[in-house]
Amino acid sequence: DSEGGLYVCMNTFLGFGREHIERHYRKTGQCVYLHLKRHVIEKVPGASGGALRKRRNAKLFLDLEISSDLNSDDFEYEDEAKLVIFPDHYEISLPNIEELPALVTIACDALLSAKSPYRKQEPDSWEEELQASKHAKTLVQLDNGVRIPPSGWKCSKCDLRENLWLNLTDGSVLCGKWFFDGSGGNGHAMEHYKETGYPLAVKLGTITPDGADVYSFDEEEPVLDPHIAKHLAHFGIDMLQMQVTENGLRDNDIKPRVSEWEVIQEAGVKLKPMYGPGYTGMKNLGNSCYLNAVMQAIFSIPEFQRAYVGNLPRIFDYSPLDPTQDFNTQMAKLGHGLLSGQYSKPPMKSELIEQVMKEEHKPQHNGISPRMFKAFISKGHPEFSSNRQQDAQEFFLHLINLVERNPVGSENPSDVFRFLVEERTQCCQSRKVRYTERVDYIMQLPVAMEAATNKDELIAYELKRREAEAARRPLPELVRAKIPFSACLQAFSEPSNVEDFWSSALQAKSAGVKTSRFASFPEYLVVQIKKFTFGLDWIPKKLDVSIDMPDFLDISHLRARGLQPGEEELPDIAPPIVIPDDPKALDIDESSVMQLAEMGFPLEACRKAVYYTGNLGAEVAFNWIIAHMEEPDFAEPLIIPAFGEVVSSGAAALGAVGLDNQPPEEMVAIIISMGFQRNLAIQALKATNNNLERALEWIFSHPDPEEESDPALDTMDMENNANANILAETGSEGPRIKDGPGRYELFGFISHMGTSTMSGHYVCHLRKEGRWVIYNDLRVCASERPPKDLGYIYFYHRIPS
């Protein structure tokens, strides 16, 4: 509450705004609250040159929502604290040692001196003043003739071109280590120090006329080098000619509109800021741009607007006592911040005139800071809870999983993304087929590199690039592969080989092929371009390509057709369960592991998913991942238990059957994650002797299963209410699907800049009110040249027939 302050319950230590404090008192009976208000005092120049103190409407600025940067010399704070006793609203100003018991005084002092959880996420050390290195004055530099070029740097011990450090003693260019911000290397700079003892290194790409980033290996911290200009000149580097850039190139080495960073962010073009409802920016909390981009796209969809912002009063009224731990409350709060327009207001005319008169421009304090939302949605997740860059596609699936686990009313907004995929698997030897269906939320399009229309230019560019690297010259102008969208769509529809296919017709392993088609078309189609892959060194890499994504998309020809005349189905026989003498020797399908890893999931999590689903394929393992993403050990290394150990996941992997034929919870969770009800999952597993693949086939072949009345089952359902299927209204016919025509129109896309999912930056473009708008964290502007060919995730909505 920007006007009423914050009320903290002295019993539960939960904070509430003015509009919710009465409800909390009525619900809990707690009557003692600490009332906090912060007033911002603006210092205004006085007539005598001094500074007058001007109180800003006694308005409280909370870091929970408003991303104002008030830590400047122009502002001061006045904090006000009172103890309020309900129901009479009796106020006691603090401090007041005489009237209050010692225990109450101690509790108030502890609260007032405590750091907020948000400031704890921002280490104080980041703001410490750097000290001059003890080695700077006496640094010895070798006269070895090394000269450093202005660009085109590469680690002398590996092929990395990012996070490079120049040793100021011998001029070696070596890579650093992985950092919290996603930049990284193989630690060759540190190894060189341990071998030589040369203490100081400067980060290439940070050198400007004002200084550079210098690190002391001996002192183990960033330092200042007062003699940096002299030390750099020893290797032929003139600081006055250097300009900092993202990729280490000088400004005059970069050709206009070629750099991915420039094109996607529309740099060099004057963009008009947008204000009002739906045009609110989000503060980057430190590599949280992936979250910002996804949430901007999500809350541009009417179904999500209705579910959370439209139901905001009801969600707030029925929120738990601790709303910080309630998903729907946090979604409603974030949606309201983005759509209300309260945090996206144009500057007042008087403020503009004042800025012109002072010949200065202060950025407007608009936008919201999603700290509480990120803290909740990433809680317990090993990746999203960190400050590292993440994959926007992986976060999108994580969000959908949370939406489905936390129903809000009768409408499930994630229904708009859900569709059924029909998979046709054919035994190449017997020619018999099997049709199965699975639930999905994203259409993943492969990049058909072999279909590039500018192959000659690419070959010539690669030759020039290698020559420039060998001669240590600036790299040539980038040539980006141009891929037709039709080729990517064709690659999606082509058959793919099935590794280790077991043919029930032959009762043995055989060659098999699989094709995928849409058994239903979603209301909103999310298309991911599979730009990220793995190199031979298992380091994630990105394909820098341009794809002519269409504004209007028709995929009606990809509609599934089911079993065709003349086709013969594979027998419904499950492969034999082979329990090895040594369970640790169980093979893991590495091809399935790689398919999942290419989606951006941690490698160890992919290995566990394939193992615990019995090598049944990447699709089944993918559903296991969705069901287990929030577990604390999600990305921990796989530990295979010895045979006979009590491990539910291991039992699920081996298809073990309990004494009471109760299905393993791992298998139940996998089926629930596909959108089916819990009782249906248990019934299907029991009917198929806990065979996961056959259970899925059973579900689709039994549209009206018999209702069970099992007291033990009912008890278990009550005990596992948190895992119950959120689609209670779906019924036993399976997941709720909004099928319709396969014709779509593009309304948004998320773009990624950088070389891998572990680094870089995300922005979002959305089409609103007939024009494209770019959402670049806090910056929201009308787009002049939306880079639709460089997107990573595209959002289409169905065109009504």
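Here the Cβ of each residue, glycine as well, is placed from N, Cα and C on the backbone.
Pulled from TrEMBL:
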DOMAIN    131-239  domain 'UBP-type'
BINDING   CYS155, CYS158, CYS175, HIS188  Zn(2+) binding site
DOMAIN    280-799  domain 'USP'
ACT_SITE  CYS289  active site, nucleophile
DOMAIN    587-628  domain 'UBA'
DOMAIN    662-702  domain 'UBA'
ACT_SITE  HIS761  active site, proton acceptor
Per-residue Cβ crowding (10 Å cut-off), top of binding-site residues CYS155, CYS175: CYS175
Least buried by Cβ count (within 10 Å) of the recorded positions CYS158, CYS289: CYS158
The residue listed as 'active site, proton acceptor' as reference: those recorded positions from CYS155, CYS158, CYS289 with C-alpha within 10 Å of it: CYS289
Under 8 Å by Cβ from HIS188 (Zn(2+) binding site), same chain, sequence gap 6 or more: CYS155, SER156, LYS157, CYS158, LEU174, CYS175
Beyond the site residues CYS155, CYS158, CYS175, HIS188: chain residues whose C-beta lies within 8 Å of the centroid, for Zn(2+): SER156, LYS157, ASP159, LEU160, LEU164, LEU174, GLY185, ASN186, GLY187, ALA189
Other C-beta atoms that fall within 10 angstroms of the C-beta of HIS761 (active site, proton acceptor): 22
Mean of pLDDT values spanning the domain 'UBP-type' (131-239): 84
For the domain 'UBP-type' (131-239), residues assigned helix / strand / coil by DSSP: 16 helix, 21 strand, 72 coil
